[in-house]
């Protein structure tokens, strides 16, 4: 891709070639020593909140019945919830190794690029930018809009236009916040994650009290009832894995994590740990490196979410029968009405806050994928620039706004998202397979956190199973999704490989980039010494 030298943060507002001076709105003084880079502001607590707050959306409160519907029994459904949590933890452990050995933001995109080269990485970011992320954001935002309005429309249906308008406001607020401050968006994520955990505890604690009182009727003969079909059990696992998706988002912001690994001077220690000592939840100590925030945040989050999901479902079954679960439109509301009385009116507010947290965490993380892809030359260079004062990837955040608004008012939004549901598992599996490949291709790569080989092997197989199940369960829509994904291949050769673009097109891109730099007050990031 042809890339002109952009306006530098040190250019004092002038073009590189010395043309006329830019407007004074761009003449922004950067404090000496204050480099224009994305700052390391993601602490351990913020990292946990990004993962936990993004995984826990509306599903556990509204319709955690996909697993029960496909397993047929209470006992088997709880087993599937637990096993899916463990499998997701395995995937998270793989990403902990990737995040501490490849110290770049971007998540799936970066790892696929490192292992398999630019073409599959470009296809990944292509489909994420144009369809998956705008559609996914629109879907979770619609749930936010619906539940924030529900207390005002108790006796009647909520108008569809009202839901979409309040949804549009919510999306705009999240994107403005992420554009203005990394710290405030991270603090908001902590607050929203706290609200989610409070909401889950509001369900779990009464459920535990029910168990203490002996309300175990629905756990008797827990494995007897409708026997899961050969097709039903795999679909139950598919629903479970989807419910846990989001554990990978911290890897999208690796460059902004404080102490992704901690450096020590081993000579200062009273005890020196042998360099070849291995542990699953503690990293391999090699030379001067010990693990810290990335692996710890990932593992802590998965334990919290898995326990929360399993115990919430146990609590539901202390009060609701399997039939009640399957017929309820909002399981948490039905549970609260039976056990908590008028407090059930607060449930929609908690659900709305949960959705808002998923919106905020998703946009915060995925914008970094677009930022890194632009830095690698796979997206327009304006997306790799950051605000000179606020140090946020402003263009990479706001590029999602118009695309999400288009998706919001698309009638076939859910169908479009279903077309591409397989793509997430395809690329996650490819990234984890890349980790195995790099073990052999680059054995000397520093790996402060190293997991046993059977974990990435098992998780890669799980992702392959998810893709195959999508094809088996819905071959037509999966085929359409595959065709949409593959449009990234000709796009790669057209926009990236083909370098004989017309001169007028290059001038147009140069002018657009320079103009957007002035309007948005963004500049190329300075060299990051940590990369």
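A Cβ is built for glycine as well, from the same backbone N, Cα and C atoms used for every other residue.
A TrEMBL annotation is a machine prediction, not a hand-curated record.
Per TrEMBL, the feature region 'Disordered' maps to 1-20. Per TrEMBL, the feature transmembrane segment maps to 44-62, 74-96, 131-149, 161-184, 190-212, 296-317, 345-371, 392-410, 422-440, 452-473, 479-498.
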Quick test of the contact rule: Cβ under 8 Å, at least six residues beyond the ends. What residues does that give for the transmembrane segment (479-498)?
1, 118-119, 122-124, 126-127, 131, 377-378, 418-423, 426, 471
Cβ under 8 Å to the transmembrane segment (190-212), counting only same-chain residues 6 or more beyond its ends: which ones?
45-46, 48-49, 52-53, 56, 60-61, 304, 308, 311-312, 314-316, 318-319, 332, 335-336, 339-340, 343, 347, 350-351, 353-354, 356-357, 360
Which of 44-62, 161-184, 392-410, 452-473 shares the most C-beta pairs under 8 angstroms with the transmembrane segment (345-371)?
44-62
Counting Cβ pairs under 8 Å that are 6 or more apart in sequence, does the total for the transmembrane segment (392-410) and the transmembrane segment (452-473) reach three or more?
no
Three or more CB pairs closer than 8 Å, sequence separation of 6 or more: does that hold for the transmembrane segment (296-317) against the transmembrane segment (131-149)?
no
Take the transmembrane segment (422-440) and find every residue of the same chain, 6 or more past its ends, with a Cβ under 8 Å from one of its Cβ atoms.
91, 94-95, 97-98, 101, 107-108, 111-112, 114-116, 120, 124, 127, 132, 241, 245, 248, 453, 456-457, 459-460, 462-464, 466-467, 470-471, 478, 481-482, 485
Of the listed stretches (74-96, 131-149, 161-184, 452-473), which one yields the highest count of Cβ-Cβ distances below 8 Å with the transmembrane segment (44-62)?
131-149
Go through the chain and flag residues at least 6 beyond the ends of the transmembrane segment (74-96) whose CB is under 8 A from any CB in it; none is fine as an answer.
67-68, 107, 218-219, 222-223, 225, 228, 233, 236-237, 240-241, 243-245, 247-248, 250-251, 280, 291, 294-295, 298-299, 301-303, 305-306, 309-310, 313-314, 317, 322, 428, 431-432, 435, 449, 451, 455-456, 458-459, 462
